[in-house]
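TrEMBL lists 13-269 with the feature domain 'NADP-dependent oxidoreductase'. For TYR53, the entry in TrEMBL reads active site, proton donor. What TrEMBL records for LYS82 is site 'Lowers pKa of active site Tyr'. Residues annotated as substrate binding site in TrEMBL: HIS119.
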Amino acid sequence: MIRLNNGIEMPALGVGTGGLTSSGGFLSGQALVDTINTAIDIGYRHIDTASNYGNEVAIGRTLNALIANGIVNREDLFVTTKIFWHTFPVTDIMAATVEAVRLSVQQLDLQYVDLMLLHRPRDVVPDYNAQVWRGLEWALSAGLVRAIGVSNFGVPELEGLLSTALVVPAVNQIKSHPKCGNRDVIDWCHKQGIRVTAHTPLGAGSLTTDETIGSIGRTYGKSAAQVMIKWQLQRGLAVIPKTTKTTRICDNFNVFDFSLTEEEMNVLENM
């Protein structure tokens, strides 16, 4: 578990669902349902989605069915979603933010959202991010969400946000893998009490056949993917790998029975 700056705990390992759309996307609705069901059965409790993934309704229905059948309790789940500004006006931004939060909460239909993120920064008008953030702060105070944060923010955007924020973001979700470690952003966030979640932790699959990573894995009888997930966990990050293959969902969770050495961590850090 990772303790956020407001005291709530977030499972360090989750399931990413970007691209796993309920219709018209990369996979059928049943593939998404099967992925969530398999993940919960294995032991995952952190599910990551977003409004523009188009799958909040399907994820909510799947999780509610699991809750109704006594397979998992709502309080044991941690659901992250994100609002995206592409539908927002350039005026009355705070109100549009609150409306977007309400819509995500309604579509997931899980009483509340554990973590709501602003999907990307935007600078179309002055103080745009700050106005969105005020809307998220209101949603937090209203009890619609348990924690708020950002995604894909660099240090300059974070510095700008913190200059007016009343609530420090709990999380910054960013791309991070051995060839895109984002160490500067991670270090800065940790100094500010902002936890980091790594998305695209396997380099969109491009690093799963890397020989350097694979050789480390063979030392422990683990795959390159498992090594990369473990690397992020040992860095103190949350990580949300994405896959629909049952064997990989299971393998991605099976990373708590080994530890990388300091030398191996440095090799991955400096790729």
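Quick reminder: no glycine exception, Cβ is built from N, Cα and C everywhere.
Ranking the recorded positions TYR53, LYS82, HIS119 by how many other Cβ atoms lie within 10 angstroms of each Cβ puts HIS119 at the bottom. Confidence for the domain 'NADP-dependent oxidoreductase' (13-269), expressed as mean pLDDT, is 92. HIS119 (substrate binding site) sits 5 Å from LYS82 (site 'Lowers pKa of active site Tyr'), counting Cα to Cα. TYR53 (active site, proton donor) sits 9 Å from LYS82 (site 'Lowers pKa of active site Tyr'), taking the Cα positions as reference.
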